[in-house]
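According to TrEMBL, the protein has these features:
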type	residues	note
BINDING	CYS17	[2Fe-2S] cluster 1 binding site
BINDING	CYS57, CYS60, CYS92, CYS94	[2Fe-2S] cluster 2 binding site
BINDING	LEU195, VAL196, VAL197, GLY198, ASN199, THR200, SER201, VAL202, ASP265, LEU309, ARG327	FAD binding site
DOMAIN	324-428	domain 'CO dehydrogenase flavoprotein C-terminal'
DOMAIN	492-599	domain 'Aldehyde oxidase/xanthine dehydrogenase a/b hammerhead'
BINDING	GLN674, PHE705, ARG819, GLY986	Mo-molybdopterin binding site
BINDING	PHE821	substrate binding site
ACT_SITE	GLU1154	active site, proton acceptor
Amino acid sequence: DSGCFVSTNLHYSANACLLPICSLYGAAVTTVEGVGSTKTRIHPVQERLAKCHGSQCGFCTPGMVMSIYTLLRNHPEPTSEQMTAALAGNLCRCTGYRPILDACKTFCKVRSSGNRITRLGPSVYIIYKPSRFSLNEFQPLDSTQELIFPPELMRMAENQPKRTLVFRGERVMWISPVSLDELLDLKSAHPKAPLVVGNTSVGMYVIRMAHVSLVPGCRRGVGINSGSCLQPLSSERILTNAISEFPEEKTGVFRAVLQQLRTLDLNPVLAASNCMLNLASRGQKRQIPVSDIFADGVGNNTITPEEILVSIHIPHSRKGEYISAFRHAPRRENALPITSAGMRVLFEEGTDIIKDLSIFYGGAGLTTVCAKQTCGTLIGRHWNEQMLDEACRLVLKEIAFSGSAGGENVDYKKTLMVSFFYRFFLEVSQSLEAMDPCHYHGIPMEYRSVLQDFKTRMPQSIQIYQDVEPSQSPLDPVGRPIMHQSGIQHATGEAVYIDDLPSVDGELFLAVVTSSRAHAKIVSIDTSEALKGVGVFDVITAQDVPAANEFYFSHDPEIVFARNKVICVGQIVCAVVADSDVHAKQAAAKVKIEYEMLEPVILTIEEAIKHNSFFEPKRKLEQGNVDEAFEIVDNIIEGEICIGGQKHFYMETQSILAVPKGEDKEMDMFVSTQHPAIIQEIVAASLGVPANRIMCHVKRVGGAFGGKILKTGLLASVAAVAANKTNRAVRFILSRGDDMVITGGRHPFIAKYKVGFMNDGRIRAVDAKYYINGGCTPDDSVLVTEVSLLKMDNAYRIPNLRCQAYACKTNLPSNTAFRGFGFPQAGLVTETWIADVADKTGLSPEKIREINMYKKNEQTHYRQELDPQNLIRCWDECMEKSAYYSRRTAINEFNQQNYWKKRGIAIVPMKFPFGQGTPYLSQGAALVHIYTDGSVLLTHGGIEMGQGIHTKMIQVASRELNIPMSCIHFCETSTTTVPNACGSVGSAGTDVNGMAVKDACQTLLKRLQPIIQKNPTGTWKTVIYVLGYNEHMDWEKGEGQPFTYFLFGAACSEVEINCLTGDHKNLRTDIVMDIGCSINPAVDIGQIEGAFVQGIGLYTMEELKYSPEGVLYTRGPDQYKIPAVCDIPEQFRVSLLSSSQNPHAIYASKGIGEAGFFLGCSVFFALRDAVTAVRNERGLNKTFALNSPLTAEQIRASCADAFTEMVKEGGEGRLCLIMAG
């Protein structure tokens, strides 16, 4: 869906789903396939992105390619700042962005000279990026080889007379007029028709006027024409040129507008700056100030439906005039603001007396609002602390909020409003001092850093791994950083996902109708209007399911279609099949369902506890004598922490294509899933046919992270039932919004704990209760509680421990498996009470961690033997590589010198047990074909979803068969070739399938030996083998061997926070990870980095918000923010522990996909450290609790000051000693 289009010799990247095709008349459009392909020529962008390991699942890679390609077409040698800006709107859920940016660096002006390698030991290297390749290994970027603008379009633009374009659709008519007069006539005739000038909404009319340009004759400022969908880029050039041409004192407005331009959050600053709108309607032109629209909004100053905006006049600033713009959003880039502001002050000449003042806020209501009364009251006041105090109180009283729609926190918005004004006060005070230092004292030195916003910089990264032994054969790929098997196909757009599969004759499209109630009886379903819709074929309900509609994997059922009642918002009630996706969705919207509400409606963990609503069984683990230990300890603390849920936000949404084969009730299922066998099982049971009639095929998955297992099976059944009823192929692709509403995610978590410890920091007893929000059906919730109990000790030896876990049954969509599977929540709880103990004892958190860490061979709390040698090594190496103690000293100095910005640092260890707890979940299978031409076809039970499993399996087969990787091909994972395979979950894919591939190859070689000796050209044979681990857990006794082995790691992170907004910047992260002997270091390091960044999302950003009725507010990328390029550490260093062995897995490797996720909490605790520094400085020594995600809102509230107190008191408090802290 990504492309680049050319207009007026400029290139613009675009998303097909956002850009109306009607607006592209006369433009040349190039898709990612047009940039380069394996059939013609691979473009340098595609090559470098693949070779630098910049793709994992590959679904986002075409978008990355197009953004980089577009920048290079406009700027062949871009700066690093231009490159990071070009990727600001691109999202990736797999890689953590670092390898993508490494590929970008190879194109930038400032680059290091090649690949600097430093020898550390016999076989250990540090690889300093930009890449693991020297630049001469890449194709050069040659502008003469690029596509040219099509001559026929140039001739058309030059020679053809301009004519009005009209496009008619079923519901919309689009008209592109050729002149302003024609547009005004159209607006007069159709005043309600929207004028489309952006690329994110579709309307009825668009004018194809000249591109944005400087309006001539504007001596008092600049004028910018409207009417172009390319406005931000063109306006940026105009303002940048104006800033360089005018004297500095005249460019204040230009600079403020330019600062906000890329965010398109312009109304407050345009209004505050006295910008003028030039409007036109048929027979009339007029000019009005932007400020008047938002100050009054009535009478002659309101823009009428017939009027259009012709241009905006931006005035230059005057002497003694200061203008600033502010905004804060859930993410610094590509996010709508929580609150924004534009502020301007004009002083009486040569004084600090306010002559004119403008304050406008965005985010306080449905539109921009003006603090008009406040500004009027402050005219004539001196610019001092008394004015500041009065201004803040007046603003809080004047600006009224219309409620907390969408789960927004009104108090946080109010705090931002007064914090922005204080920031403006500091900026102006500093400028006054610069103008006349004799009369104005400016601001204290320790306040000045807050005047600088956080910037996104190109990260610097280091990866350290152990090289292969010199004696290893050059043909043996194991242990080498091999490029992802599908990397090139990802980058060229040739990689096929479910929705890329060609249409099948007679194919239908399916759209679901979901419940709008959390708990209700279905009184009736009226499908009559839906069936009348254009192209509608049928409506599918529970009555159409031939066999099983409910599946009992535990006491409570998993449900395909709701039958008599609904138990959550988003539950599937019925489905519509039609001849197109649009028709199916239109018809689905016409289905009318009558409900009768049922009680109780349980949404939260607290409500589930109140109603005793739990899934069985409840789990408990205990060791030692907890009660006795509490009697003898020196100190006891009690606490509670809440951890929010997390959406998988895989790039490829749930996708299914069901194709009936026409005989013997056979059906092909093409599904984006981690677990083909469970798809086969559930679909077969729903249709009432043997499993051998259902063939499930998976080529690759565009991200999953645990979210494409059981729920995908139920969704596949919906499509299969529809295909069975209609005897047509059915394509079922969820939109992002529907995917987020229908599916669950990571379990929200509440933990209550009691910890007993000695004065020297030794923890002697822990008593904890965990509650997870399981949703409306069991799914994997009980298993998640079990894992959270088994892994709750993290890296610490607790002699007396009691922990209980409860899976709460609520009226939300069922939560399910997610990367880490309960450990990210349980581990955060443990590290929280570690930090609490540190606060109480006065010892540092790292000291408490060292005191209580496993140090010798001993048993875990479930009595499994543990050797912590590599845990200690990881901790020590991370301490050393991060230079922890010297940086701690530097951070303390920084915090003493800066009042409104603080830094924090934290180092966290990790013990991650590997295993699924049952042999069935740890079985692998493989099938190897060797053909007479020497080529090998490899199939196994693992699913490729970005973790590089196919690449690793080819590496294994290459070693075992002693043939080059180029001779081996992987086709797809299918139940027709590998039956009964376990799901690709829990990081186990490489371990279990790798051993199966190895054994299959060895079996083939053993069989082939006599044939090779007697008949070297004979036919070769195939074999399949199943492997199982011996994992078990006895919950009655509270002991067992639930895990096969342990991974270890440690991470040190440093952050900086802005105390006025709560925003933060991730400065540096060092990770040391024990993953055994890596089969592919490039893939494994990518997994660690990607998991870590996903962990940053859980612990600091990704916030789910629901209405009181259980409706999800955060149902798309506009509301739900995952980490972007701006969120990764500026310095990102990953080291793989050398000389580590693992006798339990293929080639002594370890399963790495999940473990790195938890280390993201090092950022959480670094933020806690920074907040602690703030509170200590302000005398706020009272114990405080931080929940996850630790968002800017929570950070700002914890950095309590006069502004937060004033908001609490409704504007009645006074700002005491603001300038003195």
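Backbone N, Cα and C define each Cβ position, glycine as well.
Per DSSP, the secondary structure of the domain 'CO dehydrogenase flavoprotein C-terminal' (324-428) breaks down as 43 helix, 27 strand, 35 coil. Among the binding-site residues PHE705, PHE821, the residue whose Cβ has the fewest other Cβ atoms within 10 Å is PHE821.
Long-range C-beta contacts of CYS94 ([2Fe-2S] cluster 2 binding site), restricted to its own chain and to partners at least six residues apart, with a cutoff below 8 Å, comprise SER55, GLN56, CYS57, CYS60, MET651, GLY703, GLY946, GLY1086, GLY1090.
Note: the domain 'Aldehyde oxidase/xanthine dehydrogenase a/b hammerhead' (492-599) comprises 19 helix, 38 strand, 51 coil (DSSP; helix = H, G, I, strand = E, B). Here ASP265 (FAD binding site) is positioned 22 angstrom away from CYS17 ([2Fe-2S] cluster 1 binding site), judged by their C-alpha atoms. The recorded positions shown are GLN674, PHE705, PHE821, GLU1154; of these, the one with its CA atom nearest the CA of ARG327 (FAD binding site) is PHE705. With the fewest other C-beta atoms within 10 Å around its C-beta, LEU195 stands out among the binding-site residues CYS57, CYS60, CYS92, LEU195.
Compute the center of the Cβ atoms of CYS57, CYS60, CYS92, CYS94, which mark the site for [2Fe-2S] cluster 2; besides them, the chain residues with Cβ within 8 Å of that center are SER55, GLN56, GLY58, PHE59, THR61, ARG93, THR95, MET651, GLY702, GLY703, GLY946, GLY1090. Take the CB of the residue listed as '[2Fe-2S] cluster 1 binding site' and look out to 10 A: across all protein chains shown you find 10 other CB atoms. Using Cα positions, the member of the recorded positions CYS92, GLN674, ARG819, PHE821, GLU1154 nearest to ASP265 (FAD binding site) is identified as CYS92. Neighbours of ASP265 (FAD binding site), defined as other CB atoms within 10 A of its CB across all chains, total 23. Of all the binding-site residues in the record (CYS92, LEU195, GLN674), the one with the smallest CA separation from PHE821 (substrate binding site) is GLN674. Per Cα geometry, GLU1154 is the residue among the recorded positions CYS92, LEU195, GLU1154 nearest to PHE705 (Mo-molybdopterin binding site). Closest in space to GLN674 (Mo-molybdopterin binding site), of the recorded positions given as CYS92, LEU195, GLU1154, is GLU1154, taking the CA atom of each residue.
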